[in-house]
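First up is the structure itself, then whatever we jot down about it.
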Amino acid sequence: MCCFSVSEQKYILQFFRTVIDQQTWSDSGTVSERRLRSEVLSLACHLEYPPCVERANQHFKDWLRSNGTLNLPTDVAETVFSVGAQDDYGWTSLLHIYKISLSEAQKKKILFALATSRDTDKLQRLLAMGLEGEVIRSQDLSYVVWMVARNPKGYHLAWNFVKQNWDTLVEKFQLGSSCIRSMIVGTTGQFSFPEELTEVQQFFESIKEQASQLRATQIALDNLQKNIRWVQRNLETLRNWLNEQMK
């Protein structure tokens, strides 16, 4: 959504509003209905649709007050956590619960939510804690990097983190590991401009000997080039169409 203006985002929200308002905050329905619920409510809260944000905030407050005795519906838990993570108290509370939780599924949902913060200082802190391996487990670092990279406020932070800590990351996870692969592909996946391609190419050139042993570097470059072509071919057309719809 980072490519669209506020007015364009509002139109997208308006387009889906009827479907959004039909959703229940539960786990009921068929597999396809549950998937739709999860995606639509996540989109609505991301676009700050007030009824969705208010409902998610209420679920989050109730969950915190219950000290873990309240089970959130699986389909909406990530959305609820993500909305709750947008203020200081919610973010800090989730980080504490991540540390003490025995549920792998819950830990992953919490990390997803922590990485959705619009506060870049919190995103930097999350990446640093993942590298330290004390609060955030080292085994979760590649997932954290990937999730921060999906955040419009975080994808350049995640890329710079990988560049600046490359030697440490390779020492920690080994060059051919799936963690290194996911961090390379994940941190470049949101790039879509020629200058970003140049920057990635220059970094890969600076680690040429290591990069030559990694298929992930070529995958990253291929994906980036595809993104650039898509933007060049489609973004202006899509924006023009949205502008026409908003008249």
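Here the Cβ of each residue, glycine as well, is placed from N, Cα and C on the backbone.
Feature annotation from TrEMBL assigns coiled coil to 207-234. Within the model, the coiled coil (207-234) shows a mean pLDDT value of 95, rounded to a whole number.
TrEMBL lists 9-225 with the feature domain 'ERAP1-like C-terminal'.
For the coiled coil (207-234), the residues of the chain that approach it from at least six positions outside its boundaries are 3, 166, 170, 175-176, 180-181, 184-185, 188-194, 196-197, 200-201, judged by C-beta separation under 8 angstroms.
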